[in-house]
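Below: the structure, in structure tokens.
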Amino acid sequence: MAKMYYENEINEAALKGKKIAIIGYGSQGHAHALNLKESGFDVVVGVRPGKSFDQAKEDGVDVKTVAEAAAEADVIQILLPDERQKAVYEAEIAPHLTTGKALMFAHGFNIHFGQIVPPADVDVFLVAPKGPGHLVRRQFQEGAGVPGLFAIHQDATGQARDLALAYGKGIGSARGGLLETTFAEETVTDLFGEQAVLCGGATALVKAGFETLVEAGYQPELAYFETLHELKLIVDLMFEGGMETMRYSVSDTAEWGDYVTGPRIVTPEVKENMKAVLKDIQDGTFAKDWIKENETGRPRYTQYKEEGANHQIEEVGRKLRAMMPFIQEGKKKVVIK
Ligand SMILES: NC(=O)C1=CN([C@@H]2O[C@H](COP(=O)(O)OP(=O)(O)OC[C@H]3O[C@@H](n4cnc5c(N)ncnc54)[C@H](OP(=O)(O)O)[C@@H]3O)[C@@H](O)[C@H]2O)C=CC1
Ligand SMILES: CC[C@](O)(C(C)=O)C(=O)O
């Protein structure tokens, strides 16, 4: 089994006393900045004027422009959207990336696909929590932690590994465990997971199930509970104790579905499709397409986003969730972008 790093074996000395600039205050940015601050580290946030800037101020964080934060920091963590990192890096960060500083990421996209090429005399590494930023924050506050990956791209000072581990501990990820990887492995597997399984595959499965029931004449509210709401409860069981715990809690009839009906849905052809998606990610086809989509003003992204928001499952879900105050309580902790 691969070596995991946990809190008690990590010495924070390398990072203590250093100024950490968190560039961006969105999903990951707010979580890293607040968790690090509460872990006793010296944090400054760098972000453009606007919603995030105002939020950081309201949260009591020291907030400056990107250039100012980058200039005064020893460690610069870029938590901007991947597709905007290159431009902001070149204009506002690179001029302040002097010898011996550290440049960080939470995802290897821009280094792996050659969008950002840092100078050789700085450390370059990533610490990537394996979960959405709002959960990185929420779990930290609850005394838990989202596990994370770390990878070293350049170790100019000889301290990159110690810095990465201390940073991972500071954001709470060492409570769940830190696993060492490479930029290449993190980038490919993260893109594959989100595109094929977590944010692509899972939503496609849920929508197909919902549509199948509604098109067959069943009530949309019932279809919502059956295919989306209950999925969270089933995944919670798998999260807590693996598939074994899910199988223990569901009926034997439902468990039969795991063995017999599931493979009728996720057929060997689906795995072939997954392999094709993985290949596109590995050979850069996916990255090229996403970069082009952004350079041309995101026409498909904008259209799909609107279609997604107007899907019947979303309309029904909004109404049903409004009647469940306990879910509303959870939502308050998440800033909907
Ligand atoms: N979302 C997640 O949970 C995960 C993300 N990651 C990685 O973390 C990184 C950050 O992603 P994520 O947290 O989703 O990003 P978000 O979209 O949530 O936040 C982006 C932040 O960058 C700011 N920003 C955008 N453009 C600029 C600009 N030109 N100048 C200054 N600030 C700007 C935004 O401010 P404004 O409000 O002004 O737009 C916002 O504060 C990415 O590398 C991503 O791959 C890794 C693991 C999980
Ligand atoms: C699953 C989506 C993710 O990769 C993540 C939360 O890790 C992302 O980029 O947001």
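Keep in mind that glycine also has a Cβ here, set from the backbone N, Cα and C atoms.
Under the heading active site, TrEMBL lists His107. Non-local contacts of His107 (active site) by the CB criterion (under 8 A, 6+ apart in sequence, same chain) comprise Asp82, Leu126, Ala128, Glu186, Thr187, Asp190. Classification of His107 (active site) by DSSP places it in coil, neither helical nor stranded.
For Tyr25, Gly26, Ser27, Gln28, Arg48, Ser52, Gly133, the entry in TrEMBL reads NADP(+) binding site. Under the DSSP three-state reduction, Ser27 (NADP(+) binding site) is assigned to helix.
Residues or ranges marked as Mg(2+) 2 binding site by TrEMBL: Asp190, Glu226, Glu230. Around Asp190 (Mg(2+) 2 binding site), taking its Cβ as the centre, 20 other Cβ atoms fall within 10 Å, counting all chains.
Annotation comment: TrEMBL describes Ser251 as substrate binding site. Of all Cβ atoms in the protein chains displayed, 9 besides its own lie within 10 Å of the Cβ of Ser251 (substrate binding site).
Look at TrEMBL and you will find 2-181 tagged as domain 'KARI N-terminal Rossmann'.
Here TrEMBL flags 182-327 as domain 'KARI C-terminal knotted'.
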Please identify which of Ser27, Gln28, Ser52 has the densest Cβ environment, defined as other Cβ atoms within 10 Å, among these binding-site residues.
Gln28
Out of Arg48, Asp190, Ser251, which binding-site residues lie by ligand 2, with a C-beta less than 6 Å from some atom of it?
Asp190
In sequence order, which residues at least six apart in the same chain have a CB under 8 Å from the CB of Tyr25 (NADP(+) binding site)?
Ala33, Val45, Val47, Ser52, Phe53, Gln55, Ala56, Val61, Val63, Leu79
Which Cβ among the binding-site residues (Glu226, Glu230) has the fewest C-beta neighbours inside 10 Å?
Glu230
Among the binding-site residues listed here (Glu226, Glu230, Ser251), which has the Cα closest to the Cα of Gly26 (NADP(+) binding site)?
Glu230
Which of Gly26, Gly133, all binding-site residues, has a Cβ with the fewest other Cβ atoms inside 10 Å
Gly26
What binding-site residues among Asp190, Glu226, Glu230, Ser251 have a C-beta sitting less than 6 Å from any atom of ligand 1?
none
